[in-house]
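Q: Sharing the feature lines straight out of Swiss-Prot:
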- HIS243, ASN347, ALA348, ALA349, ARG350, TYR351, ASP373, ARG392, GLY393, THR402, GLY403, LEU404, GLY405, LEU406: ATP binding site (BINDING)
- 180-232: domain 'HAMP' (DOMAIN)
- 240-440: domain 'Histidine kinase' (DOMAIN)
- HIS243: phosphohistidine (MOD_RES)
- 1-15: topological domain 'Cytoplasmic' (TOPO_DOM)
- 36-158: topological domain 'Periplasmic' (TOPO_DOM)
- 180-450: topological domain 'Cytoplasmic' (TOPO_DOM)
- 16-35: transmembrane segment (TRANSMEM)
- 159-179: transmembrane segment (TRANSMEM)
Amino acid sequence: MRRMRFSPRSSFARTLLLIVTLLFVSLVTTYLVVLNFAILPSLQQFNKVLAYEVRMLMTDKLQLEDGTQLVVPPAFRREIYRELGISLYTNEAAEEAGLRWAQHYEFLSHQMAQQLGGPTEVRVEVNKSSPVVWLKTWLSPNIWVRVPLTEIHQGDFSPLFRYTLAIMLLAIGGAWLFIRIQNRPLVDLEHAALQVGKGIIPPPLREYGASEVRSVTRAFNHMAAGVKQLADDRTLLMAGVSHDLRTPLTRIRLATEMMGEEDGYLAESINKDIEECNAIIEQFIDYLRTGQEMPMEMADLNSVLGEVIAAESGYEREINTALQAGSIQVKMHPLSIKRAVANMVVNAARYGNCWIKVSSGTESHRAWFQVEDDGPGIKPEQRKHLFQPFVRGDSARSTSGTGLGLAIVQRIIDNHNGMLEIGTSERGGLSIRAWLPVPVARVQGTTKEA
């Protein structure tokens, strides 16, 4: 059987737990110190004084310091009873007077027995006003002595409890606020690191907090600046290469237009190659631009899918739809999602047999859209590499393409905090489903097929 262990993972929870534990240990230690060095000695002194009073009340003669004995008159004894509030009860009367609700304390009985020199039973009755001590000694085994502690009130402990609770809450609240302030730079750093992972370079972070955190933030800013410079250099290089490639391609196209009619088939073949080269260059540029920050807005996913379906449908291509009826409002960059859907449809058209199905829906706080084809599919062990740049399945080796179409889709969906799933379509081909986060309150309608 697996053992369950409580182990907080975040530094916030660990630090707060450590402070609360230290505070609890400090309170327990303080309690033990006060108990052993203040309360117990006072209690022993109280027992000693109480024992003197009981001995004086239970005996007829008192021994003074010089050794002489003094006879205690009954009137003097009664006056002491009245001043101290002490009452004497038989066993039956004591039960009726509250002894039945009193609790026996062994350590008090033991200490009182030592003071009185014989067996003694001590009980404490706790009532609403003040506690009462009941004693029965060997000096008068049939009599219970009732001693009210009128100077001690139940309400006296309430301020102590409230002050202790207030101190604990203030300490925990202060610790929580301190840790939150200390961890705020780390939260900003985490958010910025996630953006860099998506290809979005945030502005330099403000360096604040502890010296170690400032050092990490400074190093992260240097790293982000280096990554941004590298991305800018790559984009500039690709733009220059594409410009330099398009110039000779344009000259080649002009040369084909000046070719004679007898070379028309050759000119047509050259023009197709030129168009393919231009398409490859455009895909390279699209891939580089995909990682840039995109402004998000609330848009209808079904409307975006409908625009792509209308643009990609043709007499040689059958696109079936199973879109959820109504509106699916998603926070997105519509142009990027449109590009992702178009790439998925083009991929299905290229490797399928003219059957494509586009569907959409919602499930568990998420919206999804899916593109299926009836092609040969792809082996399960190759699916995890399908969205990597320049990677294509075995069935696509003989077809044209750069292998960047689905890589662009992956980057777009990642920038929307979504995810991609690969499966098998209803006709045995490839199925690609994209999930996007969406509030449940913005989902309406049911699925309808066309």
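These residue numbers are counts, starting from 1, taken along the chain as shown.
Note: Cβ is positioned from N, Cα and C throughout, glycine not excepted.
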Q: May I have the DSSP-based helix, strand and coil counts for the residues of the domain 'HAMP' (180-232)?
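A: The counts are 40 helix, 0 strand, 13 coil.
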Q: How many other Cβ atoms sit within 10 Å of the Cβ of GLY405 (ATP binding site)?
A: 21
Q: Six or more residues out from either end of the transmembrane segment (16-35), which same-chain residues have a Cβ under 8 Å from its Cβ atoms?
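A: That would be 8, 164, 168, 171-172, 175-176, 179.
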Q: If you draw a 10 Å sphere around the Cβ of ARG350 (ATP binding site), how many other Cβ atoms fall inside it, taking every protein chain shown into account?
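A: If we count other Cβ atoms within 10 Å of ARG350 (ATP binding site), we arrive at 14.
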Q: Please state whether DSSP places ARG350 (ATP binding site) in a helix, a strand or coil.
A: helix
Q: Looking at Cβ-Cβ distances, which residues of the chain lie under 8 angstroms from ALA348 (ATP binding site) while being 6 or more apart from it?
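A: Looking at Cβ-Cβ distances below 8 Å from ALA348 (ATP binding site), excluding near sequence neighbours, one finds ILE356, VAL371, GLU372, ASP373, GLY375, GLY429, LEU430.
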Q: By the DSSP assignment reduced to helix, strand and coil, which category contains ASP373 (ATP binding site)?
A: strand
